[in-house]
Amino acid sequence: MFMKRRRFNTVDYESTDPGKYKKQWIEMGSNYLFVLLGLTVHLILLWGVLDVNFHSPIIKGLPVVSAPSGAPAKRLLLFVADGLRFQTFMEKPPPYLRYTMKNKGVWGISHTRVPTESRPGHVAIAAGLYEDPSAIFKGWQENPVDFDSVFNQSYATWAWGSPDIIPLFTKGSKQNVHGQSYPSTWQDFDANLGNQTTRLDSWVFDAYLEWLQSSSEAVRNQNGIIFFLHLLACDTLGHAKKPHSREYVENMNYVDQRIEEVVNMTEYIFGKDTTAYVFTADHGMTNWGSHGSGLPSETETPLIVWGAGVKSSGFRQDVEQASITPLIASLIGIPIPTNNEGTLPWQYFDMGYHRYVAHSLLSNVKQLMHQVTENRAINCESNIDWRETQLNDKIRKAVKHVREGNVMAGIQKADEAINFSKEALLYFRQYQRIRFLVYLSIMWIGWIIMLFLKITGVKHRHVQTSVLLLVNIGFASLLIIMFIRHITSDCSNWRLPCYASFAIISVWLTVVTVITSTPVFIERSTGELFIDIGGTLFLLIISFVGLTYRFAFSIGILSLILIQVAKSKDTPASMVWTSIALCVFLLLPVVEPYPRIYIVIISICVAIAIVIVNTSQSDIFQRIIEILRLIITSLIYLEFIDGRNWISWIILLTTPLSIWFYPIETTKRMLGVMLGFFCPLALLSASYEPLFFVTLTINLICWLQAIRSSKNSEEDDTGDLIKAAFFMLYVLLSFFGTGNMASISSFDPSWTRHFVTVFSPFLMTSLIIFKLSIPLIIVGCISYSLESQDYKKPISLAVLFLGDCLSLPVMYCVTPYGSWLDIGSAISKFIIVISLPCLFVLLRYLSRPLMKLNLERFRVNLLSQKTHIV
């Protein structure tokens, strides 16, 4: 037995039968509602999995724990060298900071978390918390940090630096945070502007020194002052020149010189032993100049602390990035931010302040205790948990030791209480995690069943309305009872009934669908059944493994060839050879942002050769235009022409026009699509991406020809499931053919250097997404061609079905535990698996104009009309 695809009949809009016309509109409306339902379910699952595992830790209205008196420093200078990684800093340490860390202060590694981007890093440093992953998608200036930070708790903060960072803390603050920024146009990633990039840091140092001369007298004797100097040049040069470059090291040494100057001037103005200094970075950077994922080079940043109240022994103490927040607060005697998760690294303090350190640790644990209590009330109703009782006992013991003069014992007990409070905090935050995941799984399984019946089901002619009425009343009553129970309970967490309602509604709709329709099957031979079902399951397993081990897709491609040969003896030899070539690409190292110019130029030469030998385009003038596009692309890539102003954009925007001049016959138009997108892809490439794109296109064309040549009996009409598995493999291959999870989730502005170099997150991200979508567009065009020749086969829905089945186990791989690399990779896998099939379905419908519009025919018709008029 095997599935028989639902037969979608073409709609005859010219029918004069009112009943038939009404039925057509009802069916069309039903299809649109189904699409809306699918989109909603996918968005709920995507957001739900991230919310369940990484729910925002921010709680408003928590009480502020006052700071103890007797702080060692009146003010603190916070230097944040954006994008400075620990490895480069230690391999070529700048002289002043090297001397400081060995003789005047304490140093170590500050371990960041994913995503290793600027906003999360600065929030961890200033607020002591790790925002949920959705924070990376927030705007910069439009979404300031709206929660407590050391800047808010200070008497006053002055900040200088990037226009993307400073407004995060100045906008929406309580008027005690003052900031200045340079023009956003200075943030240019052009590799030829290395010398000018230093001004990003020099402006900051000059602005602070100018403030010292003009305004420092007003706060000379004031406590709780913070000066925040954000230094962006290392990040900019790391992207443009890479972190091992001479320019990167020179800028690091320049920062070192200016810090020495700033420290000397600060000591001169305010006096010695009254100021503390903290030097660190928000994130690191890979060897190829990107950040965003969880590699050690991205998560390890330097931390140096010196000045008033700090040990001067050169002691090393590694910390979590969030622990910098209570360190800053305790050095200058301000309250620790209410949502802080960091642990005060008391080993950084001079032993002469051990009693003050003990009281600061008690403030730290009390501040964490408030979070534990509030999270318990939100997630576990009002009953006091044993963890709170035990935590209170630990706090009382620490306080007792300090009062009795046994300060070191009190410090140790307070440190133990902090660690226990963090464990309790994590427990209460994750208290409902399993239940939420079960609700999401029920919702998702219900959607998969509905999608299966949409593909294979046939509507019942006669449905018992009494049964439907009973089902509707039952589920509606269940929803009402659930919400009433929640309202009458003491639990204030509305996430629980929301997730439960998603599951109930999904089961409700699934039951209604099962009652009103049924799948239809036809007989298949055992051999055909084994090939289709076995091949589909094997390719799904390969797809799952390939998310972690990229080489597994090579096994999938070889399996695809074997299955295709088993199903059709007419498989073209060119498909076999291009499949082997695709396997080779998957075994190559992933594409890194190092521009390998010669490979891209070779790719362009291959494209020119294809244009020359291509007989589908008989218009010589059109061939010349195509070759000129490719030549101009090569000149831009070789940087003989600066394409950023308009040339690169013209090549990008004229891509559809170059495609529409090709004949609409499938093979010829597919070559046109390949050549049309080749130029913008080459401009966005760093290595062998264009060669992979050409190979993938030729392989897909050969596969389409193999399917057409074997379509001679009904047995192939029932092979859509294995075709959908092929498409699923091609979709993932399009994404992972040139990279892996880390390379895709990392960001590098060099990818967009031929279009834009001035920092523009939205534009740069849009260009990178467009580049990643180009191979998917080719797969979508093949899907459209396959479905357009036989409208009975909803291949795109079958691909969506398999992709959604694959996302179910991947959903449980997302976890808040483990290394930062594991956490980041799990998030990326889930987002890719759940979004790629949806993107494929979208691109399949958007590919219609690419495959059907024909400007050549329009031009011929226009000329014939002119001739007729004459």
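Every residue gets a Cβ built from N, Cα and C, even glycine.
Feature annotations, courtesy of TrEMBL:
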TRANSMEM  32-50  transmembrane segment
DOMAIN    423-819  domain 'GPI ethanolamine phosphate transferase 1 C-terminal'
TRANSMEM  467-487  transmembrane segment
TRANSMEM  499-522  transmembrane segment
TRANSMEM  551-566  transmembrane segment
TRANSMEM  573-591  transmembrane segment
TRANSMEM  620-640  transmembrane segment
TRANSMEM  646-663  transmembrane segment
TRANSMEM  692-709  transmembrane segment
TRANSMEM  721-742  transmembrane segment
TRANSMEM  762-786  transmembrane segment
TRANSMEM  798-820  transmembrane segment
TRANSMEM  826-847  transmembrane segment
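Counting C-beta pairs under 8 angstroms (sequence separation of 6 or more), the transmembrane segment (762-786) fails to reach the transmembrane segment (620-640), with fewer than 3 such pairs. Touching of the transmembrane segment (499-522) and the transmembrane segment (32-50) is concluded from the presence of at least three CB pairs under 8 A, sequence neighbours closer than 6 excluded.
Here the transmembrane segment (798-820) touches the transmembrane segment (32-50). Their Cβ atoms form 3 or more pairs under 8 Å, with each pair 6 or more residues apart. Distant neighbours of the transmembrane segment (721-742): 3, 293-295, 531-533, 535-536, 539-540, 542-543, 546-548, 550, 553, 556-557, 560, 563-564, 567, 582, 585-586, 590-591, 687-689, 692, 696, 700, 703, 707, 772, 775-776, 778-779, 782-783, 786, 793, 795, 798-799, 801-803, 806, 821, 825, 828-829, 832, 836-837, 840; these residues of the same chain sit at least 6 beyond its ends, with a Cβ under 8 Å from one of its Cβ atoms. Contact count against the transmembrane segment (32-50) (Cβ pairs under 8 Å) is highest for 826-847, out of 573-591, 620-640, 646-663, 692-709, 826-847. Proximity of distant same-chain residues to the transmembrane segment (646-663), defined by a Cβ-Cβ separation under 8 Å and at least 6 residues beyond the stretch ends, is recorded for 616-617, 619, 622, 625-626, 629, 632-633, 636, 669, 671-673, 675-677, 679-680, 683, 754-755, 849-850, 853-856. As a whole-number mean, the pLDDT of the domain 'GPI ethanolamine phosphate transferase 1 C-terminal' (423-819) in this prediction is 85. Using a Cβ-Cβ cut-off under 8 Å and counting only residues 6 or more beyond its ends in the same chain, the transmembrane segment (826-847) has close neighbours at 39, 42, 45-46, 49-50, 54, 114, 133, 293, 547-548, 727-728, 731-732, 735, 741, 744-745, 773, 776-777, 779-781, 783-784, 787, 796-797, 799-800, 802-804, 806-807, 810-811, 813-815.
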